[in-house]
Amino acid sequence: MTMFKTTFRQTATIAVSLISLLVSPMLWANTNNTIEEQLSTLEKYSQGRLGVALINTEDNSQITYRGEERFAMASTSKVMAVAAVLKESEKQAGLLDKNITIKKSDLVAYSPITEKHLVTGMSLAQLSAATLQYSDNTAMNKILDYLGGPAKVTQFARSINDVTYRLDRKEPELNTAIHGDPRDTTSPIAMAKSLQALTLGDALGQSQRQQLVTWLKGNTTGDHSIKAGLPKHWIVGDKTGSGDYGTTNDIAVIWPKNHAPLILVVYFTQQEQDAKYRKDIIVKATEIVTKEISNSPQTK
């Protein structure tokens, strides 16, 4: 019995040491390593596939990791769908006030807002807010129905010079995130450039752009994702996403103190279909790519 206890204790010590060796590289963000090396270490630790794109609008410099590779968007795809509605509202006064009927048969999994409006219906503005701020899946589907289907969102993406984004399915099917499946995917850098164009550029009219930014700033699902990896006084507008294979995503517009805005996209997926979500990886990737700016005296 004594021998077993000693052996168990030694084994446990060795196990803890090995875990420390694996975990500590993720926690230290060694300044002697390049950002790419730090992200690579994080990816190896996570045993998944990580995609990152950061655009610093102060000088338009970029940091990317697997930036050109395709990743399942999951609910981050919703930003483009809502933007497509906003674009149409530029030509149709009062469009956002248009009431959309919601039937019980329309409801799909995770619809915390739309399920409360089966009698009254919701305006396109309300559906857009529910889509972005609560990731309501039925709201997304009603927006897609109004636009004419997922292909219309892809068409809108092309109109703002995004040749990578593609939306093929509705909720919840768009979240299957099967490895190698190009459906409902984009690349981190393509999404970052589109998010920049939509929120800071001229892809939308001024009032539509301001509305999109307001909705993103009011997101309720992002407190433990990109936002958690940033100084608390920075302003963030984001859209999270999750799906099969532990797909864990977040895309954000970030306003650091005394600094031009940042655009950050972090996509992450894993090998097992039922893998757990890893918001900790999103947080750590955020810390790595924004460390230089967050440590600057002017942004503190």
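For all residues, glycine too, the Cβ spot is worked out from N, Cα and C.
Keep in mind that what you see is a predicted model, and the values were worked out from it rather than measured.
What Swiss-Prot records for this protein:
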- 1-29: signal peptide (SIGNAL)
- Ser75: active site, acyl-ester intermediate (ACT_SITE)
- Lys239, Thr240, Gly241: substrate binding site (BINDING)
Inset, instruction - Could you state the whole-number distance in Å separating the C-alpha atoms of Lys239 (substrate binding site) and the residue listed as 'active site, acyl-ester intermediate'? - result: 7
Legend entry - Gly241 (substrate binding site), number of other Cβ atoms within 10 Å: 25
Inset, instruction - Fill in the CA-CA distance, Gly241 (substrate binding site) to the residue listed as 'active site, acyl-ester intermediate', as an integer in Å. - result: 4
Legend entry - Spatial separation of Thr240 (substrate binding site) from the residue listed as 'active site, acyl-ester intermediate' - C-alpha basis, Å: 6
Inset, instruction - Any same-chain residues 6+ apart from Thr240 (substrate binding site) with CB under 8 Å of its CB? Would you list them in sequence order, or say none? - result: Ser75, Thr76, Ser135, Asn219, Thr221, Gly222, Ser225, Asn249, Asp250
